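So that you can see what the record holds, here are the features copied from TrEMBL:
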type: BINDING; residues: Asp48, Asn111, Val135, Ala136, Asn137; note: NAD(+) binding site
type: DOMAIN; residues: 12-158; note: domain 'Lactate/malate dehydrogenase N-terminal'
type: DOMAIN; residues: 162-323; note: domain 'Lactate/malate dehydrogenase C-terminal'
Amino acid sequence: MNLSKVCQPPLRVLITGAAGQVAYHFVFMLAKGDGFGRRIRLLLILYDLPETTDLLEGLCIELIDCCYPTLQDVVTTSNIETAFTNVSVAFLIGGKPCSADMKLSDLVEVNTPIFKVQGLALDKYAKKTARVIVVANPANTNLFICSKYAPSIPKGNFSALTQLDCSRLRAQIARKLRVTPNKVRKVLTWGSQSPSLVCDVTKAVVVNEGKDISIAEAVDDDDWLKYDLTNIVRNREEEVMNLTNKSPSISAAKALLDHTRSLFHTGNDFNNFTCMGVFSDGSYGIPEGMVFSFPVHISSSTCSIVQGIEIDEYYQNLIDKSICESEQERDRALRICVLNQNSSDIEINKNEYQNQNVDETQQQ
Ligand SMILES: NC(=O)c1ccc[n+]([C@@H]2O[C@H](COP(=O)([O-])OP(=O)(O)OC[C@H]3O[C@@H](n4cnc5c(N)ncnc54)[C@H](O)[C@@H]3O)[C@@H](O)[C@H]2O)c1
């Protein structure tokens, strides 16, 4: 019997920026089945710029040699049409990371044009049911731009990675309380990964002998929770960059795995909530249509914003500042798109990159 005729096609999963640091750590966890579960066979499409061809090829060889039972095939490409055609899930990691001499907001200039092109590519080539996870920073603004140029894919299918800051929060509280991080739950981040990120632990609990104890009670240090903790989390990226000259990648890849597991119900506790950048429906006074980090519930891979959280005046002021900053960043990105009007539209039509390493599996 020809098994290929009876087997379901594998899930087509695109990873952009596949030759970069975050992807390097993420792709092995995904290929192993940690993201979508061990029953789902994967066709991984590794997409990056033409100058990274050797790195992509090397990664491809290593992935194949791992013999993961979940990994059906790997395609490497710098051709945008090959990369985006018929994808079911797209992890958009490709873009410039922050360097020590840059502010996170400086990335808007370089990464916005990339997300305009990739939005157009999603619209033209991807499945209309595709799930899109935006990682490259500024993730919320990149999501906004990408979705704007991919109007045929529902806005609810897009989410941005903001989980890393939640992980940082949980890790710091766990260290303070000398417990493992899995005991710390319901930490929240509102807004975006930036100086205005809002770390909210008012609903957070630590689980002790099966009982939830509020973090405020367990830590018993209001100043540390309100000020020191936020500063530690906001400076975490810079600390890593100053020490290693690179932006954090292992912790980002693990956060992306957690995001994936929440979204596809393959690991995390989904009775609980998690945080993601999603389009606002107007909840909590965040303007409708703005992409913001919210606490979300996931059901059938669809995110809904958790309702009914009381926000005190202190956090409300911080959230208001974050709204202003997000609006400014979004408007700046929109202006860049207008300035790039012709160049990026032409890029997608001309199919700017060379075809590489495309095998017949891409037709599935
Ligand atoms: N949301 C988060 O929590 C979070 C966490 C960590 C990193 N990031 C962001 O993720 C991105 C990647 O980080 P990294 O450390 O892997 O950087 P990296 O420089 O190691 O890799 C980036 C890769 O993207 C590729 N790339 C650039 N332009 C591209 C394009 N137009 N199409 C496809 N690929 C392209 C580069 O060639 C490179 O291989 C950065 O923007 C970084 O700021 C986000």
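Cβ coordinates are placed from backbone N, Cα and C, and glycine is handled just like the others.
Predicted automatically and left uncurated, TrEMBL annotations should be read as such.
Everything TrEMBL records as a feature, shown here on the structure.
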{"residue": "Asp48", "record": "NAD(+) binding site", "contacts (Cβ under 8 Å, 6+ apart)": "Thr16, Gly17, Ala18, Ala19, Gly20, Leu55, Leu56, Ser78, Gly94"}
{"residue": "Asn111", "record": "NAD(+) binding site", "contacts (Cβ under 8 Å, 6+ apart)": "Gly95, Lys96, Ala136, Asn137, Pro138, Asn142"}
{"residue": "Val135", "record": "NAD(+) binding site", "contacts (Cβ under 8 Å, 6+ apart)": "Gly17, Val22, Phe91, Leu92, Ile93, Ala160, Leu161, Ala252, Leu256"}
Stretch-averaged pLDDT - the domain 'Lactate/malate dehydrogenase N-terminal' (12-158): 96
Other C-beta atoms that fall within 10 angstroms of the C-beta of Asn137 (NAD(+) binding site): 26
Cβ atoms near Ala136 (NAD(+) binding site) (within 10 Å, other residues, all chains): 27
Site extent for NAD(+) (largest Cα pair distance over Asp48, Asn111, Val135, Ala136, Asn137, Å): 16
DSSP-assigned states of the domain 'Lactate/malate dehydrogenase N-terminal' (12-158) in counts, ordered helix, strand, coil: 67 helix, 27 strand, 53 coil
